[in-house]
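Engineer: This is the feature table in TrEMBL:
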TRANSMEM  B:12-30  transmembrane segment
TRANSMEM  B:332-351  transmembrane segment
TRANSMEM  B:358-377  transmembrane segment
TRANSMEM  B:389-408  transmembrane segment
TRANSMEM  B:429-449  transmembrane segment
TRANSMEM  B:461-484  transmembrane segment
TRANSMEM  B:530-546  transmembrane segment
TRANSMEM  B:862-881  transmembrane segment
TRANSMEM  B:888-908  transmembrane segment
TRANSMEM  B:914-939  transmembrane segment
TRANSMEM  B:960-979  transmembrane segment
TRANSMEM  B:991-1017  transmembrane segment
Amino acid sequence: MKAVFIVYNQANTERVEYMLDRLEIRGYTQWVDVRGRGSVSGPPHLGTHTWPEMNSAVMTVVPEEKVEQLLEKVKSMDAINDEVGVRAFVWNITESV
Amino acid sequence: MSIYKSAVKRPITTLMIFMAIIVMGIYSVVHLPVDLYPEIEFPAITVMTTYPGASASDIETNVSKVIEDGMNSVDRLKDISSVSYENLSVVTLEFQYETNLDEASNNIRDALDLIEKQLPDGCEKPVIFKFNSSMMPVLFYAVNAKESYPGLEKILDEKIINPLNRVDGIGSVGLAGQPNRVIYVNVDPSRLDAYHMTIGQIGNVIRAENQNTPSGNVKMGKMDYQLRVEGEFTDSRQLNNIIVGTSDGHPVYLRDVATVKDTLKDTGLHERINGQRGLRMFVMKQSGANTVKVAREVKKHLAELEKTLPPDVKIETIFDSSDFIKDSVSNLSQTLMFALLFVVLVVLAFLGRWRATFIVALTIPISLIVAFIYLYISGNSINVISLSSLSIAIGMVVDDAIVVLENISTHIERKSSPREASIYATNEVWLSVIVTTLVIVAVFFPLTLVSGMTGVMFRQLGWIVTITVVTSTVAAITLTPMLSSKLLKLQPKKEKPSRFSYDNTFLRALNALDRGYEKAIKWSLHHKKVILLGALAIFLSSMYLAKNLGTDFMPQTDESRIQLKIELQSGTRVEVTDKVAREVEGIVHQKAPEVKLISTSTGSDDSGGFISMFSQTGSNIINMMMALDKPSQRHRSVWEVAAALRKQLDEIPEVENYSFTFTSGMEASNTVDVYIYGYDFNTTSHLANVIASGIKEIKGASDVQISRDKEKPELKVVLDRDKLALHGLSTASVSAMIRNRVEGLTATEYREQGDEYDVIVRYSPKYRSSITDLENISIMTPAGKYIKLKEIGKVEEYWSPPNIEHRQRERVVKVSVTPYKTSLGQLAGQIQQKIDKLDVPTGVMIDVGGAYEDQQESFTDLGLLLLLSLVLVFLVMASQFESFKMPFIIMFSIPFSFAGVVLALLITGTDLNLVAALGAVLLVGIVVKNAIVLVDYTNLMRDRDMELYDAIRVAGKSRLRPVLMTALTTILGMLPMAISGGEGAEIWRPMGISVIGGLVFSTFITMIIVPVLYAVVSKKGERDKKTALRKKFIFMDKK
């Protein structure tokens, strides 16, 4: 089992939700309106007057074989437009209840 | 869930809500009455008191003064004035605007109850009379007839007036100058004396003969018969054959001593329609009824009723007050449509996309229609003020939608789905959209708080703009995102746009403009001193020029009608006056071909009549009403026509004085009044004459009028009481006899077909037309002896004293002047100069007022309003920017907008009147909005860590289009108003001119000055934010 943390520009909400559905990923946790700033480029998404854009985030725990597929889709989503980004980070789940 | 999210997620609900608004709006529009101005009730109440037999000065001290003093306790009283005539006192109480007149009249009644005991014994109970604008006739008709003229009154009464009175909304229908049938018995006094008879005796005989008496009943056989004595005349000729007495055993017939004439009453009032005999018919509406509706009903019914009239009776319209209202409103509606078109075109030019333009344009009708709902709910009407307000709003309501739409487009271009783009893009801008709306509301809302006449006129404007702008903001964050989510699509970029495509035309031009502006900012940032000094110079020089600006109160309107009052030497007989009237009519026909109908009335009607309430009448006075062609069909305005006539009138020797008026309403008086207070008649009259002749020399002063009537020559019979007593006569009996002989004795009523006509016995006119004739009037003593009037008294000619006017409880004479081709303010200034040079006797006070006073009051009100708006705007901006400095940068653009107003008014030769000044106040909102956009974006760039000059440059370049768009939509929205002609254009043209002038000028200046100022006031700390921040968190730098 791996945890995939996807942070995305709000404008990608529908795409992300659709992607999870298509990949038959049922379980996830979503944070709406989260703030953040990219490490390399792009404007910060802070929801302020200066930087009005906002992000949302999804954390989903998926079987290992699905991770690759998921990352691939995230990558192609990110490629749609430079200014509307999406990032995914993966880490291990050691135990769960 | 936020409002815009709900709107996008539930598009049908959103659509339905707005559909509901539109349906309600359409319902309101259909049911809204049409009027010229918002309802203004002139808040005046008149107290009339008759005191028979008292002279003007008795009335003044015993009645007028007592009532005036008693009114001290009445609330909200603004002004008190009175006129004391012979036998009559008229006290007029003027209240502050929007006083409840019912309450006020109750207060007056209470006050009158308190002072009633102080009034003299013979004085009748004071009557309270509420003046109401509905008493002004809404329609004037001229009625002409040939053969039917003698019976015209009866015909009109039966066939027109009675049916019309039943029409809903009509107060009453009146006639002026109608011919009355009357039977005169003109007695020859010498024959009367010869037969030893008196007028009274003849009257008694006629009365006794003209009788039908029921005389009981008679039973005959099985029947019961009523018995009657029938003596009533069935034909007026029968009068000739009445035996009025006997002489030497022979009967004396009435025809022996008198001639009987069945004719029309000799009236002192002569009415002529285009020189032909005719009469005037006028229609008054009920209080609160709508002028346009009443006029429409009357015209509809009249067209039907006219068919029943004899063919020679012609009814022509002299004046229809609904015409001007309808024409003005439709004219302004047309202007509004053009404004709408222009705004849509501007939006299209800047956005370059049909669908986007459609979405933005849709907010216009929705916002405007809400204004109609407001008007309907608050019981207002569609009028010039409400429509002008919509014109002002039309350019502003699209701004918010544009901001939202542009941001959504940006998101869509980033390949977001339209739905998400709509939600998130709106989320980013909704707050700033609301803040800019707040600024507009801060400017317009204070308008709703203004009091007085200005308030009545402009409260509506305040509400309408506030409501439409708020609605537009609501629409911008609900409807606009919803429609964008449905209609906007990502447009694929064309590889090679065609030669005439949007990209190759407008877009290129706009891009070039952006680059040019960027260069201009760069230059000015490096020449700050030059720019600031230049701006200061421009501002100061325009303020210097402002000195030359004329000031007026309300714009005068060309309603295609002229009223002319001509005064001849007082005491002139009506026949002479008539002759002059014909001469003047001839001149009018010759010199003013624009005049299509002249209705002249000369003299006055002894039976009073309603019409005398609206115009001063007298045997020496000519009142003319001229109906002109519509403004579009003639080259000269009513003022120019009047000026041409003035020249001609000056050359008629009989004409002593004349004055022109051009409107029906009383709210639009446009005179400078000089009040001369002082007790002594001679001093003040003399002073009034001196001032009047001084004023006449001023260029542009016309129709100089002195309110105090000239002394009028009258005849009085002075009786010798000793001689009266000797003959057993009294003043009462002699005066009754003289009255019978000169005025006539109404002996009886002659009945024909259910109508009654007076039979009047009097001396034949030729025996009572000189002082000698009067002195030879025979008086019968109780002893049956005949004596001549000259034996017991004499007839003297004397000058009757004038009426006594009071204002604020003091005797006053008013000199009023109308400006022509000059402004009210300038005229008042020049008059004041003349007065200052005068040597005013002690006890006399001179005051300049009139419409000039109203103007001063309104301008003070507007000044306060401006101040209030500025304070509110400052409050909103300071809190928006969390800074005291930024609002100042922004508000710096306001003085330049005023400079622009001054220049625009000077160039177009328009006077600064209330409407133009209002335009200037409105500018504050629009101009400030532009500056906010610029400063806000510069702040944003600074926050995004840009260098100061770069931030200013980038912000300028990116905000140029939105600012230009806002300015252009407003300017083009107002343009049709500024250049429109035709009916009523005088009212709103000054507003269009001042807003356009101010906006063009201030937009240019703002775009340069504001960036430069921004650079100037940004202190070191602000320029280098990083260093400043570093100092705050020193722990990071500690080693």
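Every residue gets a Cβ built from N, Cα and C, even glycine.
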Engineer: Before we move on, state whether the transmembrane segment (B:530-546) and the transmembrane segment (B:888-908) share at least 3 Cβ pairs under 8 Å, counting only pairs 6 or more apart in sequence.
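Structural biologist: Contact between the transmembrane segment (B:530-546) and the transmembrane segment (B:888-908): present.
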Engineer: Which listed range (B:429-449, B:862-881, B:888-908, B:960-979, B:991-1017) shows the maximal number of Cβ pairs under 8 Å with respect to the transmembrane segment (B:461-484)?
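Structural biologist: Top-ranked stretch among B:429-449, B:862-881, B:888-908, B:960-979, B:991-1017: B:429-449.
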Engineer: Which residues of the chain, 6 or more past the ends of the transmembrane segment (B:991-1017), have a CB below 8 A from one of its CBs?
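Structural biologist: Residues 388, 391-392, 517, 520-521, 524-525, 528, 531-532, 535, 538, 885, 888-890, 892-894, 896-901, 903-905, 907-908, 910, 912, 915-920, 922-923, 926-927, 930-931, 934-935, 938, 948-949, 952, 955-956, 960, 963-964, 967, 970-971, 974-980 contact the transmembrane segment (B:991-1017) from elsewhere in the chain.
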Engineer: Okay, the transmembrane segment (B:960-979) and the transmembrane segment (B:389-408): do they have at least three CB pairs under 8 Å, pairs separated by 6 or more?
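Structural biologist: Yes; at least 3 Cβ pairs under 8 Å.
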Engineer: Under a Cβ pair cut-off of under 8 Å, which of the recorded stretches B:332-351, B:429-449, B:862-881 contacts the transmembrane segment (B:888-908) most often?
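Structural biologist: It is B:862-881, which has the most Cβ pairs under 8 Å.
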